[in-house]
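Worksheet: one structure, shown below.
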Amino acid sequence: MAERANLVFHNKVIDGTAIKRLISRLIDHFGMAYTSHILDQVKTLGFQQATATSISLGIDDLLTIPSKGWLVQDAEQQSLILEKHHHYGNVHAVEKLRQSIEIWYATSEYLRQEMNPNFRMTDPFNPVHMMSFSGARGNASQVHQLVGMRGLMSDPQGQMIDLPIQSNLREGLSLTEYIISCYGARKGVVDTAVRTSDAGYLTRRLVEVVQHIVVRRTDCGTIRGISVSPRNKNRMMSERIFIQTLIGRVLADDIYIGSRCVAFRNQDLGIGLVNRFITFGTQSISIRTPFTCRSTSWICRLCYGRSPTHGDLVELGEAVGIIAGQSIGEPGTQLTLRTFHTGGVFTGGTAEHVRAPYNGKIKFNEDLVHPTRTRHGHPAFLCYIDLSVIIESDDIIHNVTIPPKSFLLVQNDQYVESEQVIAEIREGASTFHFKERVRKYIYSGSEGEMHWSTDVSHAPEFTYSNVHLLPKTSHLWILSGGSCGSSLIRFSIHKDQDQMNIPFLSAQIKSISSLSVNNDQVSQKFCSSDFYDKKKSGITDYSELNGIVGTSHYNFIYSTIFHENSDLLAKRRRNRFLIPFQSIQEQEKEFIRHSGISIEIPINGIFRRNSIFAFFDDPRYRRKSSGILKYGTLRADSIIQKEDMIEYRGGQKFKTKYEMKVDRFFFIPEEVHILPESSVIMVQNYSIIGVNTRITLNIRSQVGGLIRVERKKKRIELKIFSGDIHFPDKTDKISRHSGILIPPGRGKTNPKESKKLKNWIYVQRITPTKKKFFVLVRPVGTYEIANSINLATLFPQDLFREKDNIELRVFNYILYGNGKPTRGISDTSIQLVRTCLVLNWDQDTKNSSLEEVRAFFIEVSTKGLIRDFIRIGLVKSHISYIRKRNNPPDSGLISADHINPFYSISPKAFILQQSLRQNHGTVRMFLNSNKESPSLLILSSSNCFRIGLFNHVKYHNVINQSIKKNPLITIKNSSGPLGTAIQISNCYSFLPLLTYNKISAIKYLQLDKVKYSFQVINSYLIDENGRSFNLDRYSNGVLNPLKLNWYFLHQNYYHNYCEETSTIISLGQFFCENLCIAKKEPHLKSGQVLIVQKDSIVIRSAKPYLATPGAKVHGHYREILYEGDTLVTFIYEKSRSGDITQGLPKVEQVLEVRSIDSISLNLEKRIKGWNKCITRILGIPWGFLIGAELTIVQSRISLVNKIQKVYRSQGVQIHNRHIEIIVRQITSKVLVSEEGMSNVFLPGELIGLLRAERTGRALEEAICYRAILLGITRASLNTQSFISEASFQETARVLAKAALRGRIDWLKGLKENVVLGGMIPAGTGFNKGLVHCSRQHTNTLLEKRTKNLSLFEGDMKDILFYHREFFDSSISISKSSFSRI
């Protein structure tokens, strides 16, 4: 022993790691025997001190970390900010989830790192601290849950639970945290027992594969090796892993530093030599591994290396295979036990960041980066190659190199502070992660109408599907609105843009006169311009017919033809109509009947060919009761201009209307009641009741007849069929399917006596049960159709007309399809037939391109009497009337190409009055392609909010007073493409055309040119280009009525005028919450601008949802979504949870070579990089052999890395050589292919790779085969010993097959000798006769190498074995790689 003076004295705490180092140094200096004696003394000393100290563990020893409070508070603040960004639509759900995980995981990790210094400073002899860090019991993760926080939990599938547990076990858990903890932990005796059995079975399978691997030789003579380098192409290998990989190995080549050889071939590596390699910075070191051993059924000493037990080369006869199987399988039991202790705590990882070394300005080449979004939704730049970033300070310039595929988080010329994060390094593509593709479903949080921008693919993914794909990042919007009950949809007479009251249990048509604003106002004129140029803006015609009055998209004019047709004065001169119409004041004085002609004018005044100009509902064709329409023998033709039309991207959908060709149809009446699902029905199905019978508690029947009750989704439909019931004989033939109409004279009401019928009847077969049926004879109403409008009377011939281009045609339409039910609400009548006037004009050669006419409202003043007319004339160009809405290019907001398409078109409109509740709203109508009935969305004042744009308290009253001086200013410039104005704060908003007085109206309204006059606050000037100049320095906003845009002005006090500004608020624009439109102005909520007015804007509330490329949108544009409906599906790739319970299944998955659930998204890029190296070896001799070797070697390295990654993530240290022995066995077989039939092996036969090479060399014949990857189970059933195979699985099949083939078992392995009771052929003391003598002269083997081998020897070493991780993905080797000898 060394002298006492030379001993080193250490005065510090020795933990488990220090003990390991101490033992290692003792073994190196004193050997095994003396080291064991020293350690025995250390053990005795430890027990004595522990007894004297009398350490006990109590609850008071669990000390919470002081910094936990502010760390948790900071994490909550970050989560709150993240929640706000998600609410504003800046990040989507997946980005929010990822960032939330990292926030809480980082907080938990900080607490865990603070735990050890806290104990060390406050109480170094704390029992919990000494227990956890001595390695005796518990670890840092478990103690962290006691004194830190439990953090995020995993569910049984390994997915993260979004709610973190902030408490620790010392503080106690709340009820919610306890339930999450129980759900996440899901531990118990059964789970632990199952995991333990899995670990034991894994160990058994591993031992089955390698039980015959015994050290039989000293040197196999191989010249191959695997290169290990601390600096790989893709990433740096940590020094600790580098040392663990090299220690105990044997060099395959000499190591030179400069010209001096520092290590020789076949020299084993110790810690001293490895440290010297690290110090001198050796680039690559070639080592021998079990992969490179040339022995087939055993292994040599030099390829195995040092024995971990003795620290010397492994001895001959050592059963290293069983040691390897036990070394891998036994930690699986530890994983199971550790699972129970940790309890499902989620573990993850954080990205590596690059920070600025000091303050300075960032400089980099912007051409080498591309803008993108990080996985957290933050804006960043992506660099594809190494990017040099220069940080310029006052006195120094620092250069930072950002590796490829990293995110740059700062902009060019941005000033950064010291330690600020400037880049985020993405993990290299070669690093293996268990990734999986996950679907994240986003559900609608509210009820409303779905909108999206032009970024969404409007064509569905599949035919007849409602799934749309996103080509790039965009917003989805749920516009607020309440839907009416589904039971009332079919019977509703409301159309798009109708004003109504909610609920609408009883509906009656009301005059438009209720919408007048003030009785003392001038006659209201309806005129506006279309704000879109379809040809210029690139937007298809979504806003052709846009509403301007509070009733609909159309202007409804009730003409004066209600009593006599001659009251309508019609003049046709110069290819135009002049039709007078009434003003609202005139309508208020006299009662308007509902049976008059309703003239429909689009808002832009443009009629296309065959479009409906007016319609007339004849009261003779109205019914108050519900029923079914029949006209089976009629011929129905669809016309060009359909009545209910919805235009959207991708096509047009029409609700068909039928043109009558025969003047008779039939109506079969029935009484229908739609009841809620919870209603109490007091009658039975198929029963007969009389008139005024109580059906429910508050409903009585209007007619008598047969009761039919049908229960549907969330409602009950009760029908009463009036008529007679007959029970026919078997001889009567009654249609089984639908009813039949029987004309008069053919009736047979009684089989014994025949009787002629006077009227039509409807015979219907009703089957209450399978065997019984009866016939219901129902009365039928017959309708004859006659011409109700005489065009000659309406529009008399005009002697002064020049050409008769424009004409009106009369069409009669049946509003319901054949066999379709008609439904009425309460006392509302049902219109069966509608007479429509359709505009048409002749096409000549000069005007062949004219496809539209324009209608204008004009006013003619004669002797103080004002008459209003409609002028209809052919127009050649509508560019002068249609203005393109455009935002200035510097506005930074949505351009005209991104404006959403606006609402659909419905010609009919009614105003509904409800006396029950005064909740006013507007109907939005949608047609669902899958449903016959339309659905309604009611937009009420609760879904919108008004924001005043002038909120300066100092000048607010002045503005209000100036508005009150002129009552015309209160008439708001409204609406535009978005349709009806909403009643908010009892203020109606329409009438875009204003006149100053009755006498001067003709000056502003000319016949040939419509001159638009508008009213703005006097201090604003708007020129013809829309540029705004403000002479009042106290206001900062101005409305441009022609474009319906708000301009916010920045004042210039030096010149006393305002500069030209960009558009901030436009009609129809979507914007997210927290948008600050100007200084001292309110922050707007998210929504869509519905109305733009002089002093305020009305915004429809909307909820934005951000979606990234590849997401799938469920539902069509403008479809009604209910709360909880699936809105978007995100498909993203995430790393599988690092939960410790998943460790054992991952190892088993890799060893059994099972295919993973989904392939990594970047697998294609990896294969491309892999193929680049393959091209270097094509076209040279022995290329097939190299291809097979390449496949096998790279798959071996990949498998070793995967298994090591799993165990290292759990803190389990396993030497690579153990895993290499296992992987060598499952990759040592090749599959003989059918090409190039061989006389030796059968196609599909599994043979060893070395055997195939030697056989081909001996026969001088090329044997075609391909590499195959076997699992440990298949490898156990494909060995040289059938006794070993039969003792594992499938005993009968294996023995029968071996007997038929005449297989011979040479009993070389351990297991077959155990089965037969022989001596185990292993052990260092075994008979030396079985141990093969090693070859002392390797030069003999070198001389036997052929010249061909020398051709590619260097390439083999460089190409195949230089990179440690070449192809890191979970692959099944099925690629055909033929080897030719």
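A Cβ is built for glycine as well, from the same backbone N, Cα and C atoms used for every other residue.
The Zn(2+) binding site annotation in Swiss-Prot covers Cys220, Cys293, Cys300, Cys303 and rests on sequence analysis. Counting every protein chain shown, 29 other Cβ atoms lie within 10 Å of the Cβ of Cys303 (Zn(2+) binding site).
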Excluding Cys220, Cys293, Cys300, Cys303, which residues of the same chain place their Cβ within 8 Å of the centroid of the Cβ atoms of the recorded Zn(2+) site? Arg217, Asp219, Thr222, Arg288, Pro290, Thr292, Arg294, Ser295, Ile299, Arg301, Leu302, Tyr304
Have a look at the binding-site residues (Cys220, Cys293, Cys300) and report the one with the fewest Cβ neighbours inside 10 Å. Cys220
According to DSSP, Cys300 (Zn(2+) binding site) sits in strand
Give the helix, strand or coil assignment DSSP yields for Cys293 (Zn(2+) binding site). coil
With H, G and I counted as helix, E and B as strand and the rest as coil, say where DSSP puts Cys220 (Zn(2+) binding site). coil
